[in-house]
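Shown next, in structure tokens, is the structure this report addresses.
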Amino acid sequence: MKRNISMFLQLLLIILMMISFLFTSLLVPSVSATTLNTISTCLINYKVSNFSVYPTRNHAGNSYYNLLDFSIQNLRFAACSKPKPTVIIVPESKEQLVSSVLCCRQGSYEIRVRCGGHSYEGTSSVSFDGSPFVVIDLMKLDGVSVDVDSETAWVQGGATLGQTYYAISRASNVHGFSAGSCPTVGVGGHISGGGYGFLSRKYGLAADNVVDALLVDAEGRLLDRKAMGEEIFWAIRGGGGGIWGIIYAWKIRLLKVPKTVTSFIIPRPGSKRYVSQLVHKWQLVAPKLEDEFYLSISMSSPSKGNIPIEINAQFSGFYLGTKTEAISILNEAFSELGVLEGDCKEMSWIESTLFFSELDDVANSSDVSRLKERYFENKSYFKAKSDYVKTPISVGGIMTALNVLEKEPNGHVILDPYGGAMQRISEEAIAFPHRKGNLFGIQYLVVWKEKDNNNIVKSNIGYIEWIREFYNTMAPHVSSSPRAAYVNYMDLDLGVMDDYLLPCTSTTASANHAVERARVWGEKYFLNNYDRLVKAKTKIDPLNVFRHQQGIPPLFASMQEYTYSSK
């Protein structure tokens, strides 16, 4: 009897191992040993030694998974069930970057480009079309060279915002840069999508302040602004990341900041009625404040308890000047907020970037060297959506939104003010189009942890259903025809390409269909700039080598007309 049980357990173990092996093998799209050996040999021949191959029975997997997971910021895409790259390449020079692209092309691999790994939908780390793919991770290409005399800096694509800010501050205490607040976001992708932040009402987006770039295209050419031509240079600034080539470096314009700036984060929790009245007044004030002022709101529903608070509201303010000036401006324009001197802190610009960062325990810290930290400790699962608002939302409309927000303790909504320089820059100046007429942008966010992800009562599906409900509820109150969205807050719910079109093997009709299919999300992200972006894509990447689920396809019918030329 015992022998039979033992044999049964051994058989069961073998079956489970076989199932596990079969499941794991499905995570990596089929690739022959010959093909795998080809790309490995190619990389070695080009002296690219820093790469890791998907582990097989002959290769240990720790280094591969450590490298893969290091930069995945949204844990939804680090799950075991997600497809894995065949190879992860970490180039350490522009020559190695060029060689990496050529080796991927030689092996017919899809290419995923990863700078900081903050892609909201995991497009820098995952591919879902079933083809073998490679991740080219730029983490070693993170240099920042600042030239104060010319008020410019060359920033490699793998540098983070925090590394960039820190390098600028070491060179000058009266210069800064306009980009986002999360220091671990990669510069390559952030600027490719626009890059909105605390200085944007004064100086525009990160992409508005790019004066040159170095782009590795699908043929392995390293192109500067002159070589790529003005149409491509226009497209890569705000036209989305991962679809034009690989940004080796941006040349950015340094921006003047005073030695003293003012920062504050003021909580204003309360009833839905109280918060809705504050938000209603905020939307009338924040877009019209001086260009030097940035005032945003974040809201969430508190965890259920005995405290009679329905909504947590938090106002984050930044002013290019002293706190005396900041308080005077706000008390005149927004007295309902009740800002006091004790709420505000004077600091340097670089200290303000730390103050507003998502790094732990920085509220009372002045150790700005922490901005150089690349690894983000507080990773989570999340899903996000975005909107733009052109006309003020009524108190009743805000109340309706807060009723939905109240349902989900893990839900958040962030309101970012526009106006200022964003109002004056033309929507055709670069590919990012959301300018005149926008009062503010909205980011909807739901965030959960591992314990929540495995909750039988409320799994990740429940969280995603909630944010979709929130988004649908807001439809009457936001932009329409099209309902605009911010490409850096990528949302695959807006639509995806059913297949990844390769024009060289497709008909003109199917290629044209792909362009119209992509228009569904393309016009939400890029408005009237979409067709111009299609032409730029056809010119720089006619074979659609750089692509993902929500990319911009080339127009096959015009391939001959747009055969690459910088003229």
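Here the Cβ of each residue, glycine as well, is placed from N, Cα and C on the backbone.
Per Swiss-Prot, CYS42 makes its disulfide bond with CYS103 among CYS103, CYS104. For the pair HIS118 (pros-8alpha-FAD histidine) and ASN378 (N-linked glycosylation site), the C-alpha distance works out to 13 angstrom. Taking CA atoms as the reference points, ASN378 (N-linked glycosylation site) and CYS103 (disulfide bond) are 35 Å apart.
Separation of the C-alpha atoms of ASN50 (N-linked glycosylation site) and CYS42 (disulfide bond): 13 Å, rounded to the nearest whole number. Sorting the glycosylation sites ASN50, ASN378 by the number of other Cβ atoms within 10 Å puts ASN50 first. Within 10 Å of the Cβ of CYS103 (disulfide bond) there are 26 other Cβ atoms, across all protein chains.
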